[in-house]
Amino acid sequence: MAILTSLGLILITCIIIWRACDGFEMASNYLGRNMKEGIKGATINAIGSSLPELFTTLFFLFVLKDKDGFSGGIGTTAGSAVFNAMIIPAVVILVVIGKKITSKIEVSKKVIYRDGISLILAELALIFVISGTSLNWIHGLILMALYFVYVGYMLLSQGPGEVENDYEEEADGGNRAVALFKGDLATVVLGNSKINQLKAILLLLISVLFIGLACFWLVEACQEFGAATGMPIYFVSVVLASAATSVPDTIISYKDAMKGNYDDAVANALGSNIFDVCFALGFPLFLFTLIYGPIEMSADTIENIGQLRVLLLILTIIVFFIFIFSKKGIKGIHAKLLLLLYVLFVVYSVGKGLSYDIPLISEVSNGLSQISHWFTALL
């Protein structure tokens, strides 16, 4: 019963996060209306859609404390990064092909090189920064600094944007009480009026509040699921928490793809991963250790986190090459390959979490450990 209850609560949090992020998206679209395609996807959209990962990591750390909280946080951010890299492009490709919008999608190689290489560098930095037995605020600060460098580069490289003075968007309208029950925050704030600067900021703040509350319940549900199944919170977060927090990324990228904005659809997924790896993990780590002191990790935690970081890097490089070498566009076969990779990732994570004695999983685990130890030896 506890398993079904926790899974039900996780599903409810997914819906709340999705609806709250709809409001966030409307507000951020208005506030970022003068940014170029691809730039907005990698910054405004990526930050907004990755707020669930940030809040979930914060709550994991401040609720579970120390090593368990950190392992839950890195499990969420890394698992979400894998989800974004595999599932989001696959969904985008299969939907546009299935609806006969196009037989393939073309993504700017400039966007892939810019965000793909930035993400790989961020993941390499994560491997080297989170490599010891003790973590403190310096580690969090370094990760945050990397994200600020990335955002600074993005803003400087975009050049002047075109001012859209005629930008107009309004909510669906209707009764505010009914809208609140349905989770339609845009109608709650805007009513039947058009959006403006002040209302966009108010909608943004209310959306953030609802996202935060949903993420707190998500952490509680993951704890309950882990206790009921005997699965360590680290593995629960890698699969369940990461998928739940990735709902906004998927929806935003889907909407961009339906409009033909394939650069934004992919840039949002990759940009979200950079935010997840650097800021959604770095800021909670910085804040927690600044208040409570260093986090001391056990040998098992170090081993699991080391394997996950290496696996994340390997999968990201594979996705990067799939996009780069697909000279005739990304097609259905590429989407199916990405889905297969994610399924294998989930099977591996669940097998490890439940301690199944499967030779192939053990061999993969040992191989990842050897690579992780090699990176550590370079320091």
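Even glycines carry a Cβ here, placed using N, Cα and C.
Quick look at what TrEMBL lists:
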TRANSMEM  6-21  transmembrane segment
DOMAIN    6-155  domain 'Sodium/calcium exchanger membrane region'
TRANSMEM  42-64  transmembrane segment
TRANSMEM  76-99  transmembrane segment
TRANSMEM  111-131  transmembrane segment
TRANSMEM  137-156  transmembrane segment
TRANSMEM  200-219  transmembrane segment
DOMAIN    200-350  domain 'Sodium/calcium exchanger membrane region'
TRANSMEM  231-252  transmembrane segment
TRANSMEM  273-295  transmembrane segment
TRANSMEM  307-325  transmembrane segment
TRANSMEM  337-356  transmembrane segment
| At an 8 Å Cβ cut-off, counting only pairs 6 or more apart in sequence, do the transmembrane segment (137-156) and the transmembrane segment (231-252) clear the bar of 3 or more pairs? | no
| query | Of the listed stretches 6-21, 111-131, 200-219, 307-325, which one has the most C-beta pairs under 8 A with the transmembrane segment (76-99)? | reply | 307-325
| field | Of 6-21, 111-131, 200-219, 231-252, 273-295, whichever stretch has the most CB pairs under 8 A to the transmembrane segment (42-64) | value | 273-295
| note | Spatial neighbours of the transmembrane segment (231-252) not adjacent in sequence (6+ beyond its ends, CB under 8 Å) are 10, 13-14, 17-18, 21-22, 24-25, 45, 48-53, 56, 60, 64, 68, 71-80, 82-84, 87-88, 91, 215, 218-219, 222-223, 225, 268-269, 272, 301, 304-305, 308, 346, 349-350, 352-354
| note | Secondary structure of the domain 'Sodium/calcium exchanger membrane region' (6-155) by DSSP, residue by residue, totals 124 helix, 3 strand, 23 coil
| message | Assess whether the transmembrane segment (111-131) lies in contact with the transmembrane segment (337-356), where contact requires at least three Cβ pairs under 8 Å among residues 6 or more apart in sequence. | response | no
| field | Long-range neighbours of the transmembrane segment (307-325), counting only residues six or more past its ends (CB under 8 A) | value | 74-75, 78, 81-82, 85-86, 89, 107, 109, 112-113, 116-117, 119-120, 123-124, 126-127, 130, 238, 266, 273, 334, 337-338, 341, 345, 348, 365, 368-369, 371-372, 375
| field | Positions on the same chain near the transmembrane segment (200-219), where near means CB under 8 A and six or more residues out | value | 9-10, 12-13, 16-17, 19-21, 23-24, 26-28, 30-31, 51-52, 55-56, 58-60, 63-64, 72, 183, 185-186, 188-190, 241, 244-245
